[in-house]
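Visitor: Pasting in a structure now, in structure tokens, and then I'll have a few things to ask.
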Amino acid sequence: MFPMVTEFMNYGQQTVRAARYIGQGFMITLSHANRLPVTIQYPYEKLITSERFRGRIHFEFDKCIACEVCVRVCPIDLPVVDWKLETNIRKKRLLNYSIDFGICIFCGNCVEYCPTNCLSMTEEYELSTYDRHELNYNQIALGRLPMSIIDDYTIRTVLNLPEIKT
């Protein structure tokens with residue numbers, strides 16, 4: 001009879017321990033109930049990107065001197081710069097400039113090392129297409145400034161997203 005009593009006591013202790021673990025999990029669940037949601041409703045709400053966000057590259061054709069520094073500092077030699085040497089003035093004339101965003105890793109080296117500041121990073125991050133050949137932007141497409149998230153009246157911007165504590 002003595003082993004049966006100890007087994008019953010062990011069973012009771014295990015039951016109490018299991019109830020305590022369930023209670024701890026339930027308390028954690030309840031503590032998260034009064035927090036704000038971390039996710040946003042993406043197409044209808046957008047986060048305002050930070051100042052240093054590295055989005056699509058903007059190119060100013062008039063400022064470019066075709067020095068090809070952007071090509072040399074790019075880890076994957078991505079920008080394609082076509083130029084012609086003007087012999088009478090002994091300067092390069094830019095003919096075509098293009099970047100394939102399907103290959104670009106958005107490192108920002110081209111923007112950082114450009115001597116004339118003709119390249120800049122924008123806040124545009126919606127570059128998805130059904131055809132990857134549409135991601136090859138020429139100087140005309142690179143010259144378009146994106147519509148600012150703040151100016152877009154069709155979406156609601158989320159300014160204060162709660163910080164995630166780890």
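Cβ from N, Cα, C; glycine included.
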Visitor: Determine which of C67, C74 appears in Swiss-Prot for the same [4Fe-4S] cluster 2 site as C104, C107, C110.
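Guide: Between C67, C74, Swiss-Prot records just one in the [4Fe-4S] cluster 2 site with C104, C107, C110, namely C74.
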Visitor: In sequence order, which same-chain residues at least six apart have a C-beta under 8 angstroms from C107 ([4Fe-4S] cluster 2 binding site)?
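Guide: Listed in sequence order: R54, C74, P75.
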Visitor: Whole-number answer please: how many Å between the C-alpha atoms of C104 ([4Fe-4S] cluster 2 binding site) and C67 ([4Fe-4S] cluster 1 binding site)?
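Guide: Roughly 20 Å, rounded to the nearest whole number.
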Visitor: Suppose we draw a 10 Å sphere around the Cβ of C70 ([4Fe-4S] cluster 1 binding site). How many other Cβ atoms does it contain, all chains included?
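Guide: The Cβ of C70 ([4Fe-4S] cluster 1 binding site) has 25 Cβ neighbours within 10 Å.
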